Amino acid sequence: MQFDNIDSALMALKNGETIIVVDDENRENEGDLVAVTEWMNDNTINFMAKEARGLICAPVSKDIAQRLDLVQMVDDNSDIFGTQFTVSIDHVDTTTGISAYERTLTAKKLIDPSSEAKDFNRPGHLFPLVAQDKGVLARNGHTEAAVDLAKLTGAKPAGVICEIMNDDGTMAKGQDLQKFKEKHKLKMITIDDLIEYRKKLEPEIEFKAKVKMPTDFGTFDMYGFKATYTDEEIVVLTKGAIRQHENVRLHSACLTGDIFHSQRCDCGAQLESSMKYINEHGGMIIYLPQEGRGIGLLNKLRAYELIEQGYDTVTANLALGFDEDLRDYHIAAQILKYFNIEHINLLSNNPSKFEGLKQYGIDIAERIEVIVPETVHNHDYMETKKIKMGHLI
């Protein structure tokens, strides 16, 4: 499929056009028509009904939903993607409420600041959806994408969306969406690209505290940061004056290795080695909440169960339904930029960290190898990292 850039899609939306938004192939893997309520024209919903044929919904911010008393459709939401449907509505000025014109009227009234809860009949023929406050950075769904796109065009936080179906009633995917795009001359973007766009556009960390931290390996300055969209807490250890070409270690949290000195992995040994190096040569350790390469502590323990049955660290993740590595280094890049650092010497054996930082504008001037001894317990793990994951060990 050929995707357009986010800026061109925003321009199209602001001109009243409809675009196609495609989600992750591991999620619904479908395309929705998306329009911004404030900019859409009288033909938008008619086009969706005739050409896309899916359910026409109206994503809105939580503020709009609360102001208009749009309560959840059900108390116990069992939708597999957690889509926040409210009770369906028609505006009181409609008749049956089902015509494209009347659904357009209802959608427009959702963003009218003079509208009140009593102005909408329930149930109706338009289905509001409530977006997460943090948008696609909290949930990578079409609901959040529509509201984020509206905000990025400068409009009120509301949109209209509709799934695209093929002529035979199946959901349009892949080349079907490409043909639909070409037939109707529409812009097409991915939610993943929208996520990256927002990450580059908006600050994602907040500085919270700085203290002196004496350790077994020397005394460091410890900075505390909070990720604004996930509420994750990140700590950074520094030694010496902060400068360009700083020696930097990105360390993914490993409770079992860092705290309990597990020999299943080499994480604890790498952290200690890096602290000794930074204490001697100066630099920075960014300690990231990425337990189990991003799958979390309990899932990592589940992966260990599979490893005890003969899986390796990669195939265990895949068997649990995860990619081999879910980590993203945007937060790390944001922290480096907070310190005005764009060029670093990276303490790492993992090539994916190099690429992960480069895509966010960080230049890797030099790689510093982290050498730790192998144990009888982590031999297979180390071999898998080297052979399957390309680690330089």
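The backbone N, Cα and C atoms fix where each Cβ goes, and this holds for glycine too.
Remember, it's a predicted structure, so these values are computed and weren't measured experimentally.
So that you can see what the record holds, here are the features copied from Swiss-Prot:
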REGION    1-200  region 'DHBP synthase'
BINDING   Arg27, Glu28, Asp32, Arg139, Asn140, Gly141, His142, Thr143, Glu163  D-ribulose 5-phosphate binding site
BINDING   Glu28, His142  Mg(2+) 2 binding site
BINDING   Glu28  Mg(2+) 1 binding site
SITE      His125  site 'Essential for DHBP synthase activity'
SITE      Glu163  site 'Essential for DHBP synthase activity'
REGION    201-393  region 'GTP cyclohydrolase II'
BINDING   Arg249, Leu250, His251, Ser252, Ala253, Gln270, Glu291, Gly292, Arg293, Thr313, Ser348, Lys353  GTP binding site
BINDING   Cys254, Cys265, Cys267  Zn(2+) binding site
ACT_SITE  Asp325  active site, proton acceptor
ACT_SITE  Arg327  active site, nucleophile
- Taking the Cβ of Asp325 (active site, proton acceptor) as the reference point, list residues of the same chain whose Cβ is under 8 angstroms away and which are at least six residues distant in sequence. Arg293, Gly294, Asn317, Ser352, Met389
- Query: According to DSSP, which kind of secondary structure is Asn140 (D-ribulose 5-phosphate binding site) found in, if we only use helix, strand and coil?
  - Reply: coil
- Out of Asp32, Ala253, Cys265, point to the one nearest the residue listed as 'active site, nucleophile' in space (Cα versus Cα); all of them are binding-site residues in the record. Ala253
- Among the binding-site residues Arg249, His251, which residue has the largest number of other Cβ atoms within 10 Å of its own Cβ? Arg249
- How long is the line from the C-alpha of Cys267 (Zn(2+) binding site) to the C-alpha of His142 (D-ribulose 5-phosphate binding site), rounded to the nearest angstrom? 37
- Task: Measure the Cβ-based neighbour count of Glu291 (GTP binding site), defined as the other Cβ atoms within 10 Å of its Cβ.
- Result: 19
- Query: How far apart, in Å, are the two Cα atoms that lie farthest from each other among Arg249, Leu250, His251, Ser252, Ala253, Gln270, Glu291, Gly292, Arg293, Thr313, Ser348, Lys353, the residues recorded as binding GTP?
  - Reply: 22
- Same-chain residues six or more away whose CB lies under 8 A from the CB of Ser348 (GTP binding site)? Arg249, Leu250, Phe354, Arg367, Ile368, Val370
- Message: What are the sequence-distant neighbours of Ala253 (GTP binding site), meaning same chain, six or more residues apart, C-beta distance under 8 angstroms?
- Response: Tyr287, Leu288, Pro289, Gln290, Glu291
- Query: Taking just the CA atoms, what is the gap between Cys254 (Zn(2+) binding site) and Glu163 (D-ribulose 5-phosphate binding site) in Å?
  - Reply: 41
- Task: Pick the one among the recorded positions His142, Arg293, Arg327 whose Cβ has the fewest other Cβ atoms within 10 Å in this structure.
- Result: Arg327
- Item | Sparsest-packed among the binding-site residues, when each Cβ's other Cβ atoms within 10 Å are tallied, from Asp32, Glu163 | Glu163
- Item | Residues flanking the Zn(2+) site, with Cβ no more than 8 Å from the Cβ centroid of Cys254, Cys265, Cys267 and excluding those residues themselves | Ser252, Thr256, Gly257, Asp258, Ser262, Arg264, Asp266, Gly268, Gln270
- Message: For Arg249 (GTP binding site), which of the three DSSP-derived states applies: helix, strand, or coil?
- Response: strand
